[in-house]
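> Got a structure for you, questions after.
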Amino acid sequence: MSANTQTLKPVDLRSILTFTVKLARTAGTLILEGSQAIQSTSDVNEKKNSVDLVTEYDVAVEELVKSEITKAYPSFKFIGEESYSSGTRNELTDEPTFCVDPIDGTTNFVHGFPFVCISLGLIYQKRPVLGVIYNPFLDHLYTGIEGQGSFLTRGNGQPLKLPLTNPKPLPSLQKALLAVEWGSDRGKKTLVPKSDSFLRLAGDPADGIAGGRMAHSIRSLGSAALNISMVAQGGLDLFWEIGCWSWDVCAGIVIAQEAGGAVVGSHAALAAATSAGSSIDPFKVTPEVLTGRKYLIIRAIPDTPNETGREAQLGIARDLYQTVEDSEPK
């Protein structure tokens, strides 16, 4: 860390959280407005108009967020989905940096499927330290600060500490309810390994599916941030994805970790961390993991007489990566 880097203390993060929650709720109102505009369109070019409206509101929400952050914290850096798409590249530094997805779940947004959120993460010294995820359709607010826990607030209710219930053991993938996503890249190079991976995760090895793990079931919420939030909450056991970006996962990583969850990067990162003689923490979210576009998030697992929760999480990670195919995202 350079001598000029701003120092953030726990009390600073609590103040930033208050600001970020208010900002998320304000942005949520704009997201709802956009959804209503899309649902009410009846033009003959409805599909084109919907796409245009999504882009319009994606940009509008990000501009609102960036403007408010700049006014409140002018020294903070900013990484956003729409800024990145338009060519702005902000590299990670030790400086406080907001990492924002203005509308996560844009396909859901178009269709009126109510799993849409704004994801606001704060990176400090190149690691996620604060996260706010707000779904304005359900009025669900997920928050987390490094070392201070994570919470779900429903409507005007009191914050509920995550996970919502005491975690249960997770002895194998066969017992797991897991989340995956099809993603926007539907080309053969991406879709075939993904489909094969899903087949093995769900398939019955006793009925012709080679390498099948027969997971309890598979879900796709259509939003990486909400998938991760549901893992933190305890409603999902794990979420695996290749192809999303740091702004999709930054806030969720803090929320999941503070709920006892484990975050793993790529196959290669896990293999390196668990190789003989390695001193690498397999669950440390390095800048390479944060920006690596390959993520596995596993819920909290309690200690048992046979193994610690951390050992159980590592076992699940290894089993998952032995089952699915690695690939390179576009």
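Yeah, the Cβs are placed from backbone N, Cα and C, and that goes for glycine too.
Residues annotated as Mg(2+) binding site in TrEMBL: Glu81, Asp101, Ile103, Asp104, Asp248.
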> Say we define neighbours as other CB atoms within 10 Å of the CB. Which of the binding-site residues Glu81, Asp101, Asp104 has the fewest?
Glu81
> Is it possible to get the count of other C-beta atoms within 10 angstroms of the C-beta of Ile103 (Mg(2+) binding site)?
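Excluding its own Cβ, Ile103 (Mg(2+) binding site) sees 27 Cβ atoms within 10 Å.
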> List every residue in the same chain as Asp248 (Mg(2+) binding site), at least 6 positions away in sequence, whose Cβ is under 8 Å from its Cβ.
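The answer is Asp101, Asp104, Ser119, Ala224, Ala225.
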> Taking the center of the Cβ atoms of Glu81, Asp101, Ile103, Asp104, Asp248 at the recorded Mg(2+) site, which other residues in this chain have a Cβ no more than 8 Å from that point?
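Nearby residues not in the site list: Val100, Pro102, Gly105, Thr106, Ile118, Ser119, Ala224, Ala225, Trp245, Trp247.
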